[in-house]
Amino acid sequence: MTHPDIHTLIQLVHETRPLITETENAKNVTVKGYADFVTMVDTSVQEFLKEKLFKIAPHVQFMGEENHMDQIDPKKPSWILDPIDGTTNLIFDYHHSAVSLAYYDGNRIQMGVVYNPFSGETFYASRGQGAFLDEKPIRVTKHSSLDQSLISIGTSPYDRELARENFRIFLEVFQKSLDIRRSGSAALDLAYVACGRLDGFFEKNLKPWDFAAGSVILEEAGGQITNDMGQPLNFCKNQNIVSSNGLIHEKLLECLCPLDGQSKNTEVDK
């Protein structure tokens, strides 16, 4: 199969804007778990894009937030979609959420689109073709020292058992970096590292649709993304991810080392 056209994906993602910004469906909330919500917006965006993508490539698998990873053959091509990355932000009218769509060829992520319908910004990349924000090329920062770097953190709110270790790490990163941020959207955090608004971002226990599109955008912008052992990502399992401009990557990884120095839990079967 030839890769689908990135501009076709961008157009499809843009068509979801009215479903997100012009309805009251964000207030129609289902609780999946502690601090884990799904709205009618999530559902309607996923259904809309799934139908459109099936028409483009009916033999490509579909992995979305509202279906199960165990239904996917990791050796075959897949669409990987988070219909709303930042659902809690959406519910609270925070205007920092994104549609995140990636194309996985059975080996690597080949294309990614991250679209914030509130700001209108679209981050996208095709492997080997560079990364862009609204048709303008983007690159990561050149900061090589952690104390010059602005780092975004993720609190893994769905897994409160990680809180004590997470906040130990946040304190260490805060003390060693210029400052830290918490946005509530992993996809936008990765895009912001790609375009130089951030120098790094990390979070534990993310699902593939949280980081798939952002990973190729970041790599095409010259950045680096790995699990917390510094290894390549697995796009069919939950992951602890570390992303950066590449120059501070090892320094960030060092901050994430547990106090006892034991191996980190990089894949979570949930």
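Heads up, the Cβ atoms here are built off N, Cα and C, so glycines get one too.
Automated prediction, rather than curation, is the source of TrEMBL annotations.
Among the candidates GLU47, GLU51, GLU65, the one that TrEMBL lists alongside ASP82, ILE84, ASP85, ASP210 as binding Mg(2+) is GLU65. Each residue in ASP42, LEU81, PRO83, GLY86, THR87, ALA98, SER100, ALA186, ALA187, LYS207, TRP209 lies on the same chain as GLU65, ASP82, ILE84, ASP85, ASP210 and has a C-beta within 8 Å of the C-beta centroid of that Mg(2+) site, without being one of the site residues.
With a cut-off of 8 Å between CB atoms and residues at least 6 apart in sequence, the same chain places GLY64, GLU65, ALA98, VAL99, SER100, LEU101, ALA187, LYS207, TRP209, ASP210, ALA213 near ASP82 (Mg(2+) binding site), listed in sequence order.
According to DSSP, ASP210 (Mg(2+) binding site) sits within a helical segment. Counting other CB atoms no more than 10 Å from each candidate's CB, the binding-site residues GLU65, ASP85, ASP210 peak at ASP85.
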